[in-house]
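Below is one structure, written out as C-alpha cells, with a few remarks after it.
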Amino acid sequence: MKQANDGISKVWKVHKSSDPFYSGGKVEVSLDETKILCMHEDNVSIIRLNEEGVVTPLFKNDDIESEPISCFAFHPSKEEIVVSSQKSSVSHWSTTGEGCFRTFKAHQMPILAMAYDPSGTLVATGSADRTIRVWDVAGGFCTHSFKEHSDIIRTLQFHPNPQRLQLISTSDDNTIRIFDLREQKCVAVFRNHVSLPTAVSISYDGNLMASCGRDKVVNFFDLRQFTHIKTVPVMEELEGVVLLNEAHSAQLLDTIHSVTPKGMRAHVLVTAGGSGVLKFFKVTLNAKDSSAFEITALLHFPLSSAARHGLDLSSSSSANSREAEAASLHGVASLHYLPLTGEVLSVTKDYNLCSYSIASFATQLANNLTNTVSRLEPSKLLIGSQGEILDMALIPNPNANVGSSFKLALITNSTQVRIVDERFNCSVLEGHKDIVLCVDVSPDGEYIATSSKDHRVLLWHVPSLTAVAVGEGHTDAVGSVCMARSRASYASRVAFGASGGADKILKRWALPVHTFATVNNKKGELSKLVATHSVRAHDKDINAVAVSPNDALIASASQDKSVRLWRATDLTPVATLNGHKRGVWKVAFSPVDKTLVSCSGDRTVKMWSVVDHCLLRTFEGHTASVLAVKFVNKGSQLVSASADGLIRVWTIRTGECESTLDVHTDRVWALECLQTSEQEETTEASEEDAAAAVTSENLYFFSGGSDSKLIQWKDNTAAEEVTRMETAERNLVLEQQMQNDLRHHRYDKALSTALDLGHSLKVLQILTAVLEQEPKQAKADAESKEDLFTVDWSLRLDPYVRAFTEEQLDKVVTYLKDWNSNARHCYTSQVLLNSLLRVVRVEALMKHRVVLEALPALLSYTERHYQRLDRLNQASYMLEYFASMISLLPEESVDRANTSSRPVQGIDGKTYVSDAIEEPLVLFRDSDKTDIDSDDEEEEVVVEEVVEVIAAVAAPVAESAKKKARKSSEGDLDDVKEKKSAKKPRKAHA
C-alpha cells in the first residue's frame, strides 16, 4: 500500500487487537476439546482451538442487559449453553447465534455451580441457598431437588458413565455427597476433608474417585462400595486434581519401566495448587476391590520461576512479602484433562491458560529428571488478560519481513516479561522478583533490558529467552531503562545503557554483550553489569530516559516538571528544558531531526531543539494527562496517548491533529511504532519488470494500557483515498444512470439506484412521481378520463415494495420515519406504509430492528395526520352548507354576493375580493401551502381562510335573508290587521 501524495497519515484503522477474554471464574473444555469456555466479566468467552484460538463472546452488546453471570455449563454434544445470573435465573442459549431458547427461575439465591449430564438432557444447579436441583432443560421443569447440604454448594459433577446417573457435589460444609437420580436420594457422604474440597476426579473405569482441598491432602474413594480408601498429605493447598486415562497412564509408566503387579490396576494422578507445581503420582489398587492400595510420587514440574526456586506461592510467610504476593499470581487456579489431545490444561491465577502435553512429561521422565527442579514449557499458552500494559518495545527481526511478522516485548504489571508475536501467541521471560516497569530492546534485536520494582536491571538474550546479566545499585524502584541506539556501538563493543527510578539517580551501565553467556549456568548465576557513572539527576522520581540516535546524548524526564540532557559518555549535564507545568511522563528523540519531544501531566506535548535547547512547538488538544509519545512516519508525525484513552496523531510541520482514535477505555501507557517495506507483484510479463518489484510502505503503531487491550493500528490513508475516489466515480455513474431511467420512466431501476446511493430525497421524488403520473397501461385500458381515476392508487407502490431487498427495506423504513414527520410528504408516506404492511409479512417486518425502532414515530405522526384531516373535513362541511344555501337564494342576492367588494386576504398574503370567489379553491393551492413549516400552523391558516370565504359569501346572503324576513314579518302584520278589522263589524252587528 502506497502512502498518500503528501506523505501525511490521516486515517488509522484497527488492524489487529488482543482483547482480554478471561477475568477469573469457571473454565470448561468441550467434550470434543475444540472449544474452551471461560467467564469474562458479565459474559462468557468461547475460544475455538480449531480456528487458531479465535475468541468470540457469547453475548453481543445488544443481546441482553448487563447482568452479572455467576456460572455456566456447556452441552456435551450440541452448540448450546446454559447460563445462570446472580438473580438466580437460568437461560438456555445457542452458541451459533440463534439466540435464547428459554429462561426460567431456578433458585432463590445466586447459582454457584452447574453441570450437564453426559447425555445432555439434564442440568444440575447448585445454589447459595444450600439446595441442588436437576432440570430437564428442553422442558424447563425440575426433576430432582436435594437439600442435604448445610452450606453453600461449590462444585457439581456427573459421573462420566451415563448409566449410573450419579451426581457428585462439594460444599462449604467440607463434605462430598453422591446423589443417585434413580433412587432420588443421597447414597454417600464423605467427611474426610477438614477444609473446602476444591475438585474431584473419577478414574477411566469409574470406580476410583480422588478429591483435593485446601487442607493440603488428597483423598481416595471407592465408588463401588462408597468407602474411603486413604488420605495422602501433599503439603500444599490444592486447587485441581486429575486422573489420567489408561493409555496416558501407561505411556508415562512405561517410560520409567514401572511394572504393575498382576491383578492390580495402575493410575497416574496429577495435582496442582498454590505452589505452581504439577505433581505426578502413581496410584495402584486392586482391580476388584480397594484392599491393596499404593501411591508413589513420580515427578514434579514447576510452572514458574518462583516455583523453580522453591518459593511457596500459597504462603504469605516468605521473607519478602512483596515477592510472595507477586509470585502468588502464578499459582494454579484449576486443572483440566484433555484425553483426546493428550494434554493437561492449567489455569493460573494471573488468568493464563497453559496447556502441557503428556508426551513432554514422558520426555522429562525419559531424561531421568525426576528429582531435578526444571521448568516445563507449555505447548500452548493463552493469555486471558494482559493486565495493565505499562510499556512495550518492538523486537527487530532483520531476517524476516516484519510487515507480516513481528515480536513485541510487553510489560504487564507483573513479574513476567511477555514476548508476543503477530498472532498474539505469547512466551514468558521470568527472572524479576517484583513488578516489571520498563523495557527496551537493542537495535539488532538480540538483547532486551528491563527494570523493576526489585531495584534491579536485567539483560535478556532474545534467541535463548534467558537472562544473562543483572545490574544492581538502585535503592528504589527502577522506573525507566534504555539501551544504545546505534548499531556501531554494539559492533565496536562500547554499547551502554541507562536507567533511572524513584531514587532520583541516573545510572550509566556498560554492556559488553560479547562477553555474556547466552544461557544460565546450573546455579542460576548471572553476569554483573557495571555502572560506570551515577548522578543525582532530578529532585523527584525519574519517569523516563532515552538515548539519541547517534548515542551522543541521554535525556531524562522527571516528576519535577523538567527534562534534562546529559552527555552519554560521562553523564555530564548539557541542558535543562523547563516549560511543563506538571510532571513529565515520557521523552523521545526524533529519528531524523535534532529535536526531542516530551509529554506531561499538563495535557501538552512539547518539541525541543537539541542544538539551542529552545522550545519549538507545543501540541495542545488532549483533555487529560499525556502519558506516552512516539515519532511515526519517518519522524514527520507524532502519536500521543492520554489518560482518558484517546490517541492523537499530529503533523509536526503544521502542528495540527490529523486523527483522534477512541478505542481504549482506560489510560494508555505504552506506544510503539513499526514501519515496513513490502514488495508488490507487477502485472508486466517481462523479466526486467518482474525483477523491479514495486515497493510499498506499511505504517503501523501499537498501543496498550490499563484496559488490557493490545491494539495494532495501520495507516489507512492511501486505501481510504482510493476508496473515496472509487466511490465518487461509482456514484457519478449511478447518478447518471438514475437520471436516464427517470427520463424514460423506468422507476423500478431508478428507485433501486437511488436506494443504493442513499439519496433519501431522490427516493421520495421517485415514489411521488409513481403516485402522481398515470401508468401507460392504465391509459391504454381506460376508455375515458373518468375510467383512468378508477385505478386504486394505493396499489401503485406494491410492485416496488415486493422488489426491495433486506438492506433496501431497512433504508426505506428509515427514510419513511423522517418523511412521515412532515405534512408535505404525508400522502406518499402513508401510501408507502400501507403498501409495506400489505405486501411484507408482519413476521418478516418484526425481524428488522429498524422497523421496531421506527414504529413509535410512525404511529405518533400518523395519528396527527388523521386528526388534522378530521378537523379539516369537519370545517369543509361549512362550505358545503353555505354552497347549498346560495343555491336557494334569489338570483338578485347571488348577483349581489358575487359583486360584493369585501376584501379577503389569501394564504399567500395577497388580497382578494368576493368577485374572485367563482373558483374559491384557488386560495388553497398546494404551491401556496409549501411556505408553511408546521402542521398546526398550516391547519390554522387554512381554517382562517375557510372562515374568511364563508364570511364573504355569507354577508350578502345574511342581508338578503334579513330583508326577506322583514318583508315576511310586515306581511304577517298586515294580515293580522285585516283579520282584526274583519272581526270588528261582526261584533258590532252582533
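Going from the start of the chain as shown, residues are counted 1 onward.
Any Cβ shown, glycine's included, is placed from N, Cα and C.
Feature annotations, reproduced from TrEMBL:
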COMPBIAS  980-990  compositional bias 'Basic residues'
DOMAIN    735-883  domain 'U3 small nucleolar RNA-associated protein 13 C-terminal'
REGION    957-990  region 'Disordered'
REPEAT    104-145  repeat 'WD'
REPEAT    146-189  repeat 'WD'
REPEAT    429-470  repeat 'WD'
REPEAT    535-576  repeat 'WD'
REPEAT    577-610  repeat 'WD'
REPEAT    619-660  repeat 'WD'
Determine how many residues of the repeat 'WD' (619-660) DSSP places in helix, in strand and in coil.
0 helix, 25 strand, 17 coil
Which numbers of helix, strand and coil residues does DSSP report for the repeat 'WD' (535-576)?
0 helix, 24 strand, 18 coil
Secondary structure composition of the repeat 'WD' (146-189) [DSSP: H/G/I, E/B, coil]:
0 helix, 23 strand, 21 coil
For the repeat 'WD' (104-145), give the DSSP counts of helix residues, strand residues and coil residues.
0 helix, 24 strand, 18 coil
